[in-house]
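Trainee: Let me begin by handing over the structure; questions about it come next.
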Protein chains: 2
Amino acid sequence: MFENKDNSTTSIASLGEFGLIDHLTKNFKIKQKSTVKGIGDDAAVIACNSKNEIVITTDLLLEGVHFDLSYVPLKHLGYKSVIVNLSDVYAMNAEPTQITVSIAVSNRFPVEALEELYAGITAAAKIYNVDVVGGDTTSSTTGLLISVTALGTVKKGETVYRSGAKENDLLVVTGDLGAAYLGLQVLEREKEVFKVNPNSQPDLEPYTYLVERQLKPEARKDIPNLLNELGVKPTAMIDISDGLSSEIIHICKHSKVGCNLFEDKIPLDPQVITTCEEFNLDSTTIALSGGEDYELLFTISTEDYPKIKANPHLTVIGHMTHENEGTHLISRAGTKIPLIARGWNPIKDSE
Amino acid sequence: MFENKDNSTTSIASLGEFGLIDHLTKNFKIKQKSTVKGIGDDAAVIACNSKNEIVITTDLLLEGVHFDLSYVPLKHLGYKSVIVNLSDVYAMNAEPTQITVSIAVSNRFPVEALEELYAGITAAAKIYNVDVVGGDTTSSTTGLLISVTALGTVKKGETVYRSGAKENDLLVVTGDLGAAYLGLQVLEREKEVFKVNPNSQPDLEPYTYLVERQLKPEARKDIPNLLNELGVKPTAMIDISDGLSSEIIHICKHSKVGCNLFEDKIPLDPQVITTCEEFNLDSTTIALSGGEDYELLFTISTEDYPKIKANPHLTVIGHMTHENEGTHLISRAGTKIPLIARGWNPIKDSE
């Protein structure tokens with residue numbers, strides 16, 4: 001009935017994820033006076049009372065698209081499904097408070113498998129101090145699906161959007177980049193080896209950090225507190241789920257600014273560097289496009305630089321420019337290369 | 001990896017939907033002081049300010065489990081995906097305010113198909129005055145999936161739970177029951193006829209009300225307002241999504257009461273009666289177990305009876321008893337039959 005064989009129809013792959021969302025949501029009008037921010041940031045913002053706002057964000061994870069159960073333990077998957085949502089809450093400078101968790105499962109999963117999944121969800125809820133307050137459970141005709149929605153709270157006036165970056169602001173990133181993507185490459189390689197020789201024992205020792213970043217990511221719950229203690233309010237913030245270049249472009253687009261990103265400033269873990277050499281990959285490309293790092297990317301006024309200088313969690317990687325100057329990577333050799341969003345795209349034209 | 005061939009594992013079908021949810025969520029602890037009510041009602045309740053509470057509810061709809069695109073137009077599906085969530089908000093005596101909509105689609109759907117789906121979502125959002133504030137869009141390896149989360153607001157003290165029914169309270173239902181299920185039977189029959197003879201033209205004229213109740217259900221947005229105007233606060237409330245008997249049992253369980261439901265009081269549309277005769281179905285069974293009616297079921301104090309008496313939207317169908325008396329249907333012949341939840345179960349043991 002809906003086979004896309006008619007040339008007069010448009011394939012969803014031709015629009016890409018963000019193009020598709022823009023296209024489908026352009027007719028939505030905001031009418032409720034409690035809606036402070038609708039679609040277009042890491043989370044929506046709802047007015048709560050004179051002191052606080054509530055943020056809400058949601059993510060879908062599908063077997064065969066977002067995860068492969070041949071090497072992702074269900075407990076880790078449950079944990080990660082919560083983390084990816086909490087990361088969006090922190091990116092609004094908010095504190096997560098409640099989540100709902102919906103799952104669809106085919107009957108190939110026994111109850112014991114779901115117990116593992118929920119053990120991971122429970123662990124994440126405990127560590128991040130959020131309550132699981134609802135959800136839906138249904139059967140699926142194929143694999144496993146998890147839909148998590150997270151609520152958070154933030155003091156009115158403290159909410160940070162993608163849209164507040166100003167020319168000359170400094171671009172700051174937490175932690176280091178690229179490890180989660182390389183962890184996936186290592187796991188995929190071991191899966192192929194296992195297919196050829198099921199008796200092989202993988203030696204993941206050189207890749208422990210990478211595999212942990214892929215299988216058990218953490219959200220930066222420390223950062224909103226740290227910034228508050230340092231007396232710094234970011235002018236704009238976003239979480240790095242798709243890749244650094246994609247997120248920089250989001251901030252630039254929403255803030256109507258340009259950006260110079262310095263290649264030699266991008267923080268990389270030593271395991272990322274050695275594994276990139278082993279896999280013959282360019283570490284900058286991995287950091288720019290790898291995705292799933294769940295670090296925070298934010299901009300601050302230059303006046304705040306002394307407050308964050310030398311903080312081991314924070315790295316200044318660039319600065320914002322006039323919109324007309326565009327968005328560029330300044331390479332180690334000093335070459336100016338336009339940044340392109342090559343982040344992971346869940347709307348892909350695969351069968 | 002997770003094939004359920006090991007006899008030491010437990011099949012999810014053996015627990016059923018509610019048993020599975022109880023089993024998986026029993027370890028969740030409430031720690032946030034803003035969480036007023038977690039899992040176990042139509043929606044969770046979050047403290048907002050001294051005057052208001054926020055409710056949150058979520059539902060998953062999967063192709064092949066919850067809908068069949070061979071006779072469900074995508075626009076209707078989009079509309080219905082919103083309605084099923086808003087019905088849960090009204091069941092808390094709350095006013096819906098915002099929704100998030102996540103979809104997963106395989107690439108057999110062209111953009112034009114998704115435009116239809118979103119046209120239905122937009123129509124529902126407009127009619128019910130809710131803002132679409134977020135969501136997620138991803139590809140799926142198989143069919144279409146929709147995950148909607150709804151937020152609503154309610155004055156503190158006005159929130160109605162499943163747990164407040166008292167002995168002697170009257171049991172009241174809005175509208176009429178069973179039509180949505182019969183609409184589905186009519187559509188399924190026409191699908192089979194179409195398979196045999198693709199040139200046949202279905203005559204749906206005698207079933208317009210039934211088909212509309214199945215394909216384009218509405219949520220009872222008028223009821224919280226009506227009750228407010230009548231000066232009636234229900235002691236307990238739930239929406240009828242799975243079937244009358246299942247919902248009565250929920251209220252009885254949460255409120256620790258019993259119930260006598262009178263067969264001759266159950267409101268049925270004339271089309272339900274004639275179509276039950278045609279399909280050789282018992283109309284009481286259909287009303288009790290059909291599901292998808294999205295009417296509201298609530299209990300009121302007997303003192304409030306004069307206020308609702310003769311209201312065309314409300315029918316008193318029974319009364320609450322002591323818990324020890326159990327939950328019964330009193331048949332037209334006066335026989336007392338124990339009520340069993342035979343409502344639609346999305347966790348079924350099918351291949």
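Cβ from N, Cα, C; glycine included.
Caution: TrEMBL annotation is automatic and unverified by curators.
According to TrEMBL, the record shows the following:
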DOMAIN    A:40-154  domain 'PurM-like N-terminal'
BINDING   A:Asp42, A:Thr57, A:Asp88  Mg(2+) 4 binding site
BINDING   A:Asp42, A:Asp88, A:Asp239  Mg(2+) 3 binding site
BINDING   A:Thr58, A:Asp59, A:Asp136  Mg(2+) 1 binding site
BINDING   A:Asp59, A:Asp88  Mg(2+) 2 binding site
BINDING   A:His66, A:Glu292, A:Trp344  substrate binding site
BINDING   A:Tyr118, A:Gly135, A:Asp136, A:Arg162, A:Ser241  ATP binding site
BINDING   A:Asp242  Mg(2+) 5 binding site
Trainee: By Cβ count within 10 Å, point out the most packed of the binding-site residues listed: A:Asp239, A:Glu292.
Mentor: A:Asp239
Trainee: If I take every residue in the domain 'PurM-like N-terminal' (A:40-154) and average their pLDDT values, what number comes out?
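Mentor: 95, rounded to a whole number.
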Trainee: Using Cβ atoms only, which of the binding-site residues A:Asp42, A:Thr57, A:Asp59, A:Tyr118, A:Gly135, A:Asp242 are under 8 Å from chain B?
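Mentor: Of A:Asp42, A:Thr57, A:Asp59, A:Tyr118, A:Gly135, A:Asp242, the entries that lie near chain B are A:Thr57, A:Asp59, A:Tyr118, A:Gly135.
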Trainee: Treating G and I as helix alongside H, and B as strand alongside E, what does DSSP give for the domain 'PurM-like N-terminal' (A:40-154) in helix, strand and coil?
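Mentor: So the domain 'PurM-like N-terminal' (A:40-154) is made up of 34 helix, 46 strand, 35 coil.
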Trainee: Residues other than A:Asp42, A:Asp88, A:Asp239 within 8 Å, Cβ to Cβ centroid, of the Mg(2+) 3 site?
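Mentor: Going along the sequence, the neighbours appear as A:Asp41, A:Ala43, A:Thr57, A:Ser87, A:Val89, A:Tyr90, A:Ala91, A:Met92, A:Ile238, A:Ser241.
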Trainee: Identify, in sequence order, the residues in the chain of A:Gly135 (ATP binding site) that are 6 or more apart from it along the sequence and have a CB within less than 8 Å of its CB; answer 'none' if there are none.
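Mentor: Same-chain residues close to A:Gly135 (ATP binding site) (Cβ under 8 Å, separated by 6 or more) are A:Thr100, A:Val101, A:Ser102, A:Ile103.
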Trainee: Looking at the binding-site residues A:Asp42, A:Thr58, A:Asp59, A:Asp88, A:Ser241, A:Asp242, which ones sit with their CA no more than 10 Å from the CA of A:Glu292 (substrate binding site)?
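Mentor: Final answer, ordered: A:Ser241, A:Asp242.
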Trainee: Counting Cβ neighbours within 10 Å across all chains shown, tell me which of the binding-site residues A:Thr58, A:Ser241 comes out on top.
Mentor: A:Thr58
Trainee: Can you tell me which binding-site residues out of A:Asp42, A:His66, A:Asp242 are within 10 A of A:Arg162 (ATP binding site) by Cα, answering none if there aren't any?
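Mentor: So far as Cα distances go, the binding-site residues lying within 10 Å of A:Arg162 (ATP binding site) are A:Asp42.
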